[in-house]
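Take a look at the structure below.
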Amino acid sequence: MNSCEFVRPSQVVSLQAFENYVFPDDAIGRVGDLIVKTRCGHLIGDKMVNVSQTLPTRPHWRTQAVRILLAVLSIISTSWLTLEYLTFAFQGDLNVFETISVGLFTVLSLWISFSFWVASVGFLVLVAQRFARSSQRASEGLESHSLLSTRNAILLPVYNESPAMVFASIRAMVESLERTGQHATFDFFVLSDTQKSEIWLQEERVWAETVKLIPDGMSLFYRRRFKNVARKAGNLAEFCRRWGGGYEHMIVLDADSVMEGETLVEMTRRMEADPHMGILQVPPRPVQRTSLFARLQQFAAAVYGAVFLKGYETWTQSEGNYFGHNAIIRIAAFSEHCMLPVLPGKAPLGGEILSHDFVEAGLMLKAGSKVETADLGGSYEECPTTVDDYAIRDQRWCQGNLQHARLLMCSGFERPTRMHFATGVFSYLSAGLWMLFMFTSAMGVYFDSTSAGAAESVAHLFVIMFAMLLAPKLWSFIWNLLEPDRLKSLGGLGRLFASTVLEVVISILIAPILAIYHTSFVAYAVLGKSVQWSCQSRDDRDVSLKDCAKRYWPHTALGIVLTVLSFSASSTFGLWMLPFTAGLMLSIPLIAALGSAHLGVEAQDRGLFLIPEESNPPELLIRRRLFSTELSESIRQHDFSSELFTDPDYIDLHLKILTETCGEAEANPEIEGLDFEDWPSLNEQQRLAILSNTEEIRRARHKLSISQGV
């Protein structure tokens with residue numbers, strides 16, 4: 001397949017049409033030079049496996065034992081904490097506020113207990129493996145250098161993203177795959193939903209240049225949808241319908257994702273070895289951002305991630321979850337079982353499912369396929385660089401997770417799927433519940449004089465709960481001490497200790513700010529206010545004190561008021577409230593400092609918040625940054641919309657992409673009476689309409705030929 005070949009898709013359809021969709025008998029896909037027909041199946045060598053006939057996989061007895069152990073330990077811990085709270089906090093009959101606070105305390109204690117025990121199990125398993133010199137890799141028994149026998153598509157769905165970043169990642173991955181010698185089994189697809197004319201034109205030009213660099217045996221395809229039906233989920237669904245028959249697996253990436261060639265090959269090898277594997281998720285590590293807030297996230301993922309991930313792997317095993325990207329998926333099983341329904345009602349809690357990944361994993365498990373997590377390394381992404389950007393992303397995730405509450409009681413989902421749904425919902429509800437708990441506790445004390453000394457009585461209880469919250473970070477710190485090479489890459493013992501302490505302090509300070517965000521997100525969703533689909537801001541940029549003051553003065557005022565009220569009630573109560581109120585009072589300088597790229601670089605220069613990818617940068621990340629810089633500089637030198645109507649080669653390229661991927665234009669009232677020569681005065685929708693219309697582009701090409709005397 002020539003790397004410059006365009007893919008001709010068929011007509012776009014709505015998401016509802018994908019319910020219970022299967023490939024028809026005449027669906028065809030190209031695998032090398034061989035045309036194959038597929039129906040709900042995938043090729044493994046010369047053998048066709050029918051996905052519909054796969055049997056539900058049941059977890060191993062050890063996994064069941066771990067789940068029972070976690071449940072028992074969590075219930076025992078919660079029961080003891082609740083009894084202690086009842087015993088020491090209240091001396092008489094409970095009033096309404098105290099009764100509510102007990103219920104809230106029980107729920108929140110269960111959340112803390114479960115998280116604590118999952119991390120503790122992960123730590124113990126890691127230590128046991130470390131000293132046993134063993135590994136539970138799923139590839140045991142595989143030939144480590146066996147050649148792949150399947151065709152695999154690497155997908156990058158993009159929406160108004162930087163083409164420099166996207167195509168730099170592709171070039172870096174292509175080089176990395178070439179080093180494995182198995183690059184010919186992979187093709188890349190850039191699936192654009194871009195709705196900004198200038199970025200669309202940039203994508204086309206950068207694609208045309210990048211495709212020249214693709215080695216023989218590998219292809220890089222590009223297409224842009226006119227209508228963003230069902231957002232990213234619809235984008236992937238359309239790929240499966242149009243081109244899925246030509247590939248056994250798809251590796252789904254985000255616009256800012258990048259993966260090592262060895263990791264891509266190993267993921268595929270594991271899928272080939274286990275025909276029941278539906279999704280294999282490789283958790284991405286955040287890298288290559290410089291703001292202080294971003295470096296804190298990168299450090300936390302690098303230092304704490306292994307313990308939490310191992311605990312998660314231990315209790316989920318083959319009934320895990322899907323994070324939406326940096327995962328490999330069996331296309332036939334996905335196409336047959338994972339096309340999303342549309343929830344009844346209107347957004348935000350109805351309509352299209354925003355957080356599609358959890359649901360797709362649940363549908364895959366429901367169909368009897370495995371969903372596993374593999375900590376292979378070599379899987380990367382970027383993270384938000386400011387608290388505001390983090391909150392914007394979190395609001396979208398919050399709305400999507402709250403939709404999952406409606407799926408909790410749907411028939412057919414496995415228990416682990418319901419657990420994933422529940423933990424996702426509670427991760428956003430918990431902030432509001434904590435604030436409600438503090439309010440009801442304070443009101444209970446106010447209306448019950450016999451509970452005036454409650455703060456002193458339950459001090460030990462909250463120390464224990466705080467210790468349970470911090471314990472996973474302690475386990476992670478100890479785990480990194482056991483790995484000398486890793487400890488060195490994190491800056492050594494002294495710097496790792498200082499970085500961990502600072503990360504804990506900053507996390508405590510920022511927690512109430514994020515809690516207010518999460519509570520407001522839940523309130524917005526309940527009140528029917530839906531979030532818009534927008535491009536995530538990914539670049540490092542400083543946040544001014546002035547901007548922070550405009551946005552966070554209410555937080556500061558709230559912190560001051562709560563501090564005064566809590567100390568008025570009791571000096572001890574005021575001291576216990578300080579971890580919450582201090583972050584609010586300091587919110588303006590804190591948010592500005594966290595968004596500072598200068599402070600992030602300063603911390604790195606001092607060896608703080610180091611991650612292995614900074615101490616020993618992988619070639620993949622070095623090359624991606626180099627390519628991104630080159631492409632960004634090249635893009636800045638062009639005005640693509642102006643060049644389109646003056647460069648015959650460029651307009652021919654655009655016209656060819658339109659005709660090959662979208663067919664002939666339909667009549668569009670948006671451009672009646674408009675002309676491409678009116679470009680500067682057109683709005684964005686009009687520009688997109690003209691760029692999408694083949695007749696208008698041909699007319700522009702004809703005028704250009706006449707003006708050039710051709």
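Including glycine, each Cβ sits where the backbone N, Cα and C put it.
Automatic prediction, not curation, is the source of TrEMBL annotations.
According to TrEMBL, the domain 'Glycosyltransferase 2-like' annotation covers 251-469.
If you look up TrEMBL, you'll see 68-90 (among others) marked as transmembrane segment.
If you look up TrEMBL, you'll see 102-127 (among others) marked as transmembrane segment. With a cut-off of 8 Å between Cβ atoms, the residues of this chain six or more beyond the transmembrane segment (102-127) that come close are 66, 69-70, 73-75, 77-78, 81-82, 85-86, 94, 306-315, 426, 430, 433-434, 436-437, 440, 465, 468-469, 471-472, 475-476, 478-479, 482.
Proximity of distant same-chain residues to the transmembrane segment (425-447), defined by a Cβ-Cβ separation under 8 Å and at least 6 residues beyond the stretch ends, is recorded for 94-95, 97-98, 100-101, 104-105, 107-108, 111, 397-398, 401-402, 404-405, 408, 454-455, 514-519, 521-523, 566, 569-570, 573, 577, 580. For 425-447 (among others), the entry in TrEMBL reads transmembrane segment.
Sequence annotations record features per position, and here TrEMBL assigns transmembrane segment to 459-482 (among others).
Residues or ranges marked as transmembrane segment in TrEMBL: 494-517 (among others).
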Average pLDDT across the domain 'Glycosyltransferase 2-like' (251-469), rounded to a whole number: 93
Positions whose Cβ lies under 8 angstroms from the transmembrane segment (68-90), at least six residues beyond its ends: 98, 102, 105-106, 109-110, 113-114, 116-118, 121, 315, 448, 450-451, 454, 457-458, 461, 464-465, 468
